[in-house]
Amino acid sequence: CKIPLKLQLTASLLAVAFLTSFGSSMLYGYNLAVVNSPAGYIKDFYNKTMINRTGAALTEETLTIIYSLTVSIFAIGGLLGSLIVGMLVTRFGRKGTVVKTTMLVFIAGSLMGFSRICKSPEMVIIGRFITGIHSGISLSVVPMYLGEIAPKSLRGFLGLVPCIFISTGVFLAQILGLHELLGKEEYWPLFLSVVVVPTFVQLMLLPWFPESPRYLLIEKDNIHATITALKWYRANCNIQAEIEEMQEEQRSLSTLETLSVWKLVRDDTVRWQVLSVVVINIGMQLSSIDAIWFYTNDIFENAGIPPPEIPYTTAGTGIIEIVAALVGCFTIEKLGRRPLMIGGFAVMGVCSVGITVAFSLQAQLSFMRYISVCCVIGIIAGFCIGPAGVPFLITAELFKQSHRPAAYIIGGSLNWVSNFTVGFIFPFMQMSAGAYSYLVFATVCFSVAIYVYFIIPETKNKTFMEISQMFSRKQPIMDTQGLILGDQLQLKKMNGYGGLENASLDFNSSSSYRN
């Protein structure tokens, strides 16, 4: 469809991108930061409830464990959601899964909203767990849905739109957490249950839009529904070529076996791709960003920021986060994946070291408190520019169709497990190591940056076969023979993705290079 880019952004396409990201991705960001502002009120509620039940107050250590569980159980729910997403999208479709799982948000919002009336801390914890399940599902389904309904020229851009709304959700939680709005003690249950509002808007409007055309044709074989959906999402375009492309993909997939997680892990031909997914997803969460999101107020309090100024300082970091996400979204196709990831992790590592230095010297130098605030902002900006969204794109680009579902399960599972680990142990790290706990995060950031620099190639404007060949160069046959023979070289058989079976080659002067 050779028309201006802005004309390809039809009203339907923009509306779906907004609704799915607003109602799902923004909730993920909101739930990451929502427990930060009312932390003291929630702890007081837990303590008072236990006094009423047992007649004894909770010890500081027990209260820390219970609150850490409240924060981190969100990630356990996310892990469960990421594991069942494949089953859901196959049965209900992309849009159908997004719509049907909104019920989880209403259940969770009700539990958290009525927890104080019912005098039940358990309702807060269960509510956080259910919101985590919803986020685990939506973080996989929404990019998948947007990628399948978008034209090729917009697929990368729309794939990063959810990252912008995640940052917006974090900022919304910071703003609503101000004392002038919902940051008062009597409002914290309402503050936690605000998540139902954008979900209600999504539930009212999204069912009116069509399902993913690729899902309708490739998985449901419904050509009539596919044509109808494409007409909704395309303006003045010839959809015949796109339908033929999807039919060709449907025929090719009918002969391929979709790998399980176990088979993917055991497949030697994609060893480096799998390892790369493991490294960048673990590094994404162990980079200190979750500690910043979950415990921003505590970090600023330890930095010596006056308590009345902390909420406003936190809200200021949210603005930086949105701006950084926009910068990453609009520059990724120009700069490439590697510079954004290497630069982002390097900046986060430097700022983590900076926080350690600032906290160590703030007793002697009062201005160090401002240095620590700048380092927190640097961590957030570095994360949102690159590590926040690029790993999701890299996972898709390193694997072919039959390998991607298993790769996303591996990446998503490690992502959420690491999220839980940071959320649960960070308070104890602060108690035991103090400012030096950030050196652990710095080590992780520098290690991932070095790994990306030496191992992961640039995938911008590369075909899947070219990416495969870049990883295959580690095999001796590829190192010695290469691909310099052009039309005289024919690969006899590709086993999986990126490796040669028995390292066998056929030479045929009249044939062209093919898979």
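Just so you know, glycine gets a Cβ as well, placed from its N, Cα and C.
Per TrEMBL, domain 'Major facilitator superfamily (MFS) profile' is recorded for 17-460.
Residues or ranges marked as transmembrane segment by TrEMBL: 65-90 (among others). Sequence-distant contacts of the transmembrane segment (65-90) (same chain, at least 6 residues past either end, Cβ-Cβ under 8 Å): 31-32, 35, 39, 42-43, 46, 58, 97, 100-101, 121, 124-125, 128-141, 144, 215, 219, 294, 405, 408-409, 412-413, 415-417, 419-428.
Look at TrEMBL and you will find 97-117 (among others) tagged as transmembrane segment.
As annotated by TrEMBL, transmembrane segment applies to 123-145 (among others).
Here TrEMBL flags 157-176 (among others) as transmembrane segment.
Marked as transmembrane segment by TrEMBL: 188-209 (among others). Same-chain neighbours of the transmembrane segment (188-209): 12, 15-16, 19-20, 22-24, 26-27, 30-31, 34-35, 37-38, 41-42, 45, 95, 98-99, 102, 105-106, 108-110, 112-117, 124, 127, 131, 176-177, 182, 232, counting only residues six or more beyond its ends whose CB sits under 8 Å from a CB of the stretch.
Long-range contacts of the transmembrane segment (272-295) within the same chain: residues 32-33, 35-36, 71, 170, 264-265, 341, 345, 348, 352, 376, 379-380, 383, 387-388, 390-391, 394-395, 398-399, 407, 410-412, 414-415, 418-419, 421-423, 426-427, 438, 441-442, 444-445, 447-448, 451-452, 455-456, 471, 474, 497-498, each at least 6 residues beyond the stretch ends and with a Cβ under 8 Å from a Cβ of the stretch. Look at TrEMBL and you will find 272-295 (among others) tagged as transmembrane segment.
The transmembrane segment feature in TrEMBL is assigned to 315-333 (among others). Sequence-distant neighbours of the transmembrane segment (315-333) (same chain, 6+ residues past either end, Cβ-Cβ under 8 Å): 33, 156-157, 160-161, 163-164, 166-168, 170-171, 174-175, 178, 296, 340, 376-377, 380-386, 388-390, 393, 460.
Residues 280, 283, 287-289, 299, 302-303, 328, 331-332, 368-369, 371-372, 374-376, 378-379, 381-383, 385-388, 390-391, 394, 434-436, 438-439, 441-446, 448-449, 452-453, 456 of the same chain sit 6 or more residues outside the transmembrane segment (340-361) yet have a Cβ under 8 Å from a Cβ within it. Among the features that TrEMBL reports, transmembrane segment is placed at 340-361 (among others).
Counting only same-chain residues 6+ beyond the ends of the transmembrane segment (367-394), those with a CB under 8 A from a CB of the stretch are 143, 156, 159-160, 163, 166-167, 276-277, 280-281, 283-284, 287-289, 292, 296, 299-300, 303-305, 313, 316-317, 320-321, 323-325, 327-329, 332, 337, 339-348, 350-352, 354-355, 357-359, 361, 411, 448, 456, 459. The annotation transmembrane segment is assigned in TrEMBL to 367-394 (among others).
Taken from TrEMBL, the feature transmembrane segment applies to 406-429 (among others).
Nonlocal intrachain contacts for the transmembrane segment (435-456), taken as residues 6+ away from its ends with a CB within less than 8 angstroms of a stretch CB, comprise 272, 275-276, 279-280, 283, 286-288, 291, 337-338, 341-342, 345-346, 348-350, 352-353, 355-356, 358-360, 387, 394, 426, 429. Look at TrEMBL and you will find 435-456 (among others) tagged as transmembrane segment.
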Residues of the same chain, at least six outside the transmembrane segment (123-145), with any C-beta under 8 angstroms of its C-beta?
16, 20-21, 24-25, 27-28, 31, 35, 42, 69-71, 73-85, 88-89, 94-95, 97-98, 101-102, 104-105, 107-112, 114-115, 159, 162, 192, 195, 212, 392, 408, 412, 416
What residues in the same chain, six or more past the boundaries of the transmembrane segment (406-429), come closer than 8 Å to it by Cβ-Cβ distance?
64, 67-69, 71-76, 78-79, 82-83, 85-86, 132, 136, 139-140, 258-261, 263-265, 273-274, 277-278, 281-282, 284-286, 288, 290-291, 294-295, 298, 391-392, 395, 398-399, 437, 440
Using a Cβ cut-off under 8 Å, which residues of the same chain at least 6 positions beyond either end of the transmembrane segment (157-176) come close to it?
13, 17, 20-22, 24-34, 36-37, 139, 142-143, 146-147, 150, 182-183, 191, 194, 293, 311, 314-315, 317-319, 321-322, 324-326, 328-329, 332-333, 384, 388-389, 392-393
